[in-house]
Amino acid sequence: MTTSATSGTGPTANSMRRALKRARDGVALDVTEAAVLLQARGEDLDDLTASAARVRDAGLEAAGRAGVITYSKSVFIPLTRLCRDKCHYCTFVTVPGKLRRAGHGMFMSPDEVLDIARKGAALGCKEALITLGDKPEDRWPEAREWLDAHGYDDTIAYVRAISIRILEETGLLPHLNPGVMSWTDFQRLKPVAPSMGMMLETTATRLWSEPGGPHHGSPDKEPAVRLRVLEDAGRSSVPFTSGILIGIGETYEERAESLFALRKISRAYHGIQELIIQNFRAKPDTAMRGMPDAELDELIATVAVARHIMGPRACLQAPPNLVDSEYGRLIGAGIDDWGGVSPLTIDHVNPERPWPQIDLLREQSAQAGFELRERLCVYPEFVQRGEPWLDPRLLPHVRALADPASGLAHADATVEGHPWQEPEEAFVAQGRTDLHHSIDTEGRTGDRRDDFDVVYGDWEALREAAAPGMVPERIDTDVRQALATAANDPTRLTDAEALALLHADGPALDALTRIADDVRKAAVGDDVTYIVTRNINFTNVCYTGCRFCAFAQRRTDADAYTLSLEQVADRAQQAWDVGAVEVCMQGGIHPDLPGTAYFDIAKAVKERVPGMHVHAFSPMEVVNGATRTGLSIREWLTAAKEAGLDSIPGTAAEILDDEVRWVLTKGKLPTATWIEVITTAHELGIRSSSTMMYGHVDQPRHWLGHFRTLARIQQQTGGFTEFVTLPFIHTNAPVYLAGIARPGPTTRDNRAVMAMARLLLHPHIPNIQTSWVKLGTEGAAEMLRSGANDLGGTLMEETISRMAGSSYGSYKSVKDLIAVAEAAGRPAKPRTTLYGEVPQERQRAAAASDGHLPELLPVLD
């Protein structure tokens with residue numbers, strides 16, 4: 001079969017010879033060379049596969065599995081065969097009428113699923129491969145009706161629920177293939193499945209966009225969408241299976257490009273656990289029934305090229321039921337895995353191709369010099385890595401079946417159900433719980449983690465991704481005209497004018513800050529507001545992988561800590577005693593904390609100090625709580641409000657532009673999800689602050705987009721209490737230590753951002769706050785002359801900025817904050833979280849103690 005869409009006679013002898021030599025010598029291939037090698041046949045193919053096999057063997061030896069080829073003993077569970085896509089080669093997908101005529105429901109029932117899983121467990125299977133069509137409820141009313149009738153919001157909710165039952169009632173480990181997933185879907189499913197998967201298939205967009213293409217009419221087969229899923233899997237630290245489908249009309253160049261796209265993502269996140277090379281097999285009753293099957297040599301060459309591209313550490317699989325008896329050739333080409341093989345169920349995607357018997361695979365592997373060993377659905381490397389790749393709720397299930405030495409399946413493991421539950425003793429005080437004191441006296445233990453080179457992804461790939469954002473823009477707009485517009489009516493500033501002002505310097509910047517200060521005075525007057533509050537960061541254990549964050553620690557790190565509920569309540573009581581009206585509580589995404597932990601924290605404070613305003617839980621924490629409890633964001637926020645939550649911080653925003661976010665953070669929520677959390681909170685009457693962290697890999701155009709987004713949200717909901725500028729603290733930030741980020745914003749940046757925040761958010765967000773924690777007393781006073789009207793809080797303790805390297809301390813007294821206001825020539829006034837009047841009783845308590853705790857030590861210079 002010829003898969004090239006271009007006319008031509010194939011590669012020249014010289015180009016093939018050069019490419020083969022580079023492969024033999026272990027030199028990195030490019031797309032052109034890979035496309036040449038994909039066409040190797042005869043002796044050239046033998047040469048190619050021999051070098052690929054050597055690469056594979058080196059990887060197995062390095063992994064401690066020399067001479068081992070693996071497989072997973074599984075059952076195939078087709079949860080639903082309905083799908084919103086229309087792939088032209090697919091025989092798995094059907095329509096509601098056919099299901100009804102065959103006596104089947106729109107989805108398999110829980111009893112049907114568990115019956116298969118129990119039978120599989122009895123046969124020693126350890127994997128439940130759950131495969132289904134993409135979002136069937138979006139196309140088929142019958143699917144929507146089934147989900148509604150059974151109490152599920154969507155298909156993902158059913159997948160989550162049935163996975164828990166499989167874990168608890170059978171002991172099998174779910175491997176989930178629900179198709180295209182969102183970032184939030186990954187958060188929902190990660191706690192219930194050790195691994196997931198989705199074939200990339202191809203990056204050839206024309207096969208999706210052009211009529212007659214195999215993926216035309218299938219929204220979930222757009223290559224850009226599928227690549228985004230692979231990125232989100234990596235960001236979410238989900239062990240993920242992917243691969244390509246060959247022989248569906250792609251050119252050799254397109255096939256090579258698909259492999260390089262997979263390599264790029266694998267290198268960036270280290271999360272692709274296996275790569276499948278699947279050969280097209282035509283099926284009757286499909287639009288592509290007349291297309292010839294991919295030839296065996298096509299498959300062999302692609303496996304070998306994939307091995308060279310992906311390298312020795314990659315796990316490479318070719319489905320054994322899609323060839324006849326040529327197992328030895330697949331092994332010789334560089335595979336090290338046979339994939340899932342079931343002694344019970346058929347391959348529902350390729351029903352005409354039965355699985356080979358496991359004994360046959362063992363025999364064929366032995367003939368090629370390999371020992372066949374069983375693995376779990378999650379590969380041994382991830383079993384041994386543990387966190388953050390495996391959720392703590394899954395660890396007991398995985399460990400019950402895994403050989404602790406190799407990470408492969410334990411030969412004598414009993415497959416039986418275990419409770420799926422939160423780890424015990426989630427709220428036990430652990431670690432450096434005095435960090436709120438000692439960060440100012442002793443400092444942090446070290447400036448970087450020992451897993452610095454792997455935990456945040458591939459730094460070289462990040463440098464490439466960050467490069468476009470680091471290029472300064474050329475500004476041609478007349479700054480003088482922009483200043484005139486700002487002075488006359490800042491709401492009429494065009495994007496071009498706003499961008500020009502964000503670049504202002506010298507006299508133009510001075511004029512800009514004066515205009516912003518005038519707008520501030522007209523909007524909110526001269527009072528500089530502040531709040532007597534206490535920060536309570538209840539844990540710094542976090543595996544999200546934010547590259548700007550120096551606060552997050554692994555549970556075993558010297559600076560890691562978690563507070564008990566009693567300690568949280570004690571700190572709230574201490575704050576109340578010295579005049580606080582608010583506690584601001586945030587923490588790392590600790591894998592051991594249940595989704596209900598946030599409710600418990602809010603309740604603990606309210607029970608101890610009923611009058612305290614609970615300002616807590618960033619949008620990232622909201623999403624974490626919702627996904628861990630199985631609630632929607634709206635349901636979770638409603639429950640949190642009932643538990644005592646009064647408002648939420650608008651942190652985790654960083655820059656509301658995913659171009660920047662995915663450089664700054666590996667696993668934090670995307671922009672759209674941040675907006676969803678904030679707007680949902682506002683709709684429920686839960687107000688929030690808004691923030692922007694700037695001065696890293698961003699540019700003024702990103703700041704402008706961020707301001708415009710916040711203004712739109714405020715016009716829709718009116719729920720923001722203030723906007724807070726957060727200059728990036730670079731000193732201990734991983735993204736700076738890796739040489740990618742700038743060393744924080746300049747003084748010019750700070751003045752321009754503050755002034756433009758005032759102008760671009762006017763009149764929608766009247767309160768603009770500066771951060772003394774990040775800028776110090778003089779810097780904060782300068783911001784008060786540039787458009788700010790609020791100094792934030794006394795804090796009483798602060799660890800996030802201090803861990804990052806800020807040198808301005810962990811607290812300010814009331815007198816300190818009044819002095820900052822006076823330095824700007826303005827009066828100071830206390831406020832509540834919602835910018836209301838502070839009760840006299842609270843003011844008296846604050847005055848008596850100066851708004852800070854007596855046991856706090858002075859900040860060391």
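For all residues, glycine too, the Cβ spot is worked out from N, Cα and C.
According to Swiss-Prot:
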{"type": "DOMAIN", "residues": "69-319", "note": "domain 'Radical SAM core 1'"}
{"type": "REGION", "residues": "70-401", "note": "region 'CofG-like'"}
{"type": "BINDING", "residues": "CYS83, CYS87, CYS90", "note": "[4Fe-4S] cluster 1 binding site"}
{"type": "REGION", "residues": "505-838", "note": "region 'CofH-like'"}
{"type": "DOMAIN", "residues": "528-763", "note": "domain 'Radical SAM core 2'"}
{"type": "BINDING", "residues": "CYS542, CYS546, CYS549", "note": "[4Fe-4S] cluster 2 binding site"}
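Remark: CYS83 ([4Fe-4S] cluster 1 binding site) has CYS90, PHE92, VAL93, LEU132, GLY133, ASP134, LYS135, PRO136, ARG139, GLY179 as non-local neighbours, by Cβ distance under 8 Å and separation of at least 6 in sequence. Each of the binding-site residues CYS87, CYS90, CYS546, CYS549 was scored by the number of other CB atoms within 10 A of its CB, and the lowest score belongs to CYS90.
All protein chains shown were included, and the count of other CB atoms within 10 Å of the CB of CYS542 ([4Fe-4S] cluster 2 binding site) stands at 22. Taking the mean position of the Cβ atoms of CYS542, CYS546, CYS549 as the [4Fe-4S] cluster 2 site, the remaining residues of that chain whose Cβ falls within 8 Å of it are THR544, GLY545, PHE548, PHE551, ALA552, GLY588, ILE589, THR665, LYS668. In the three-state DSSP scheme, CYS546 ([4Fe-4S] cluster 2 binding site) falls into the strand class. Other than the site residues CYS83, CYS87, CYS90, same-chain residues with C-beta atoms no more than 8 angstroms from the centre of those residues' C-beta atoms, the [4Fe-4S] cluster 1 site, are ASP85, LYS86, TYR89, PHE92, VAL93, GLY133, SER218. When the binding-site residues CYS542, CYS546, CYS549 are compared by Cα distance to CYS87 ([4Fe-4S] cluster 1 binding site), the shortest distance belongs to CYS546. Computed over the domain 'Radical SAM core 1' (69-319), the whole-number mean pLDDT of the model equals 97.
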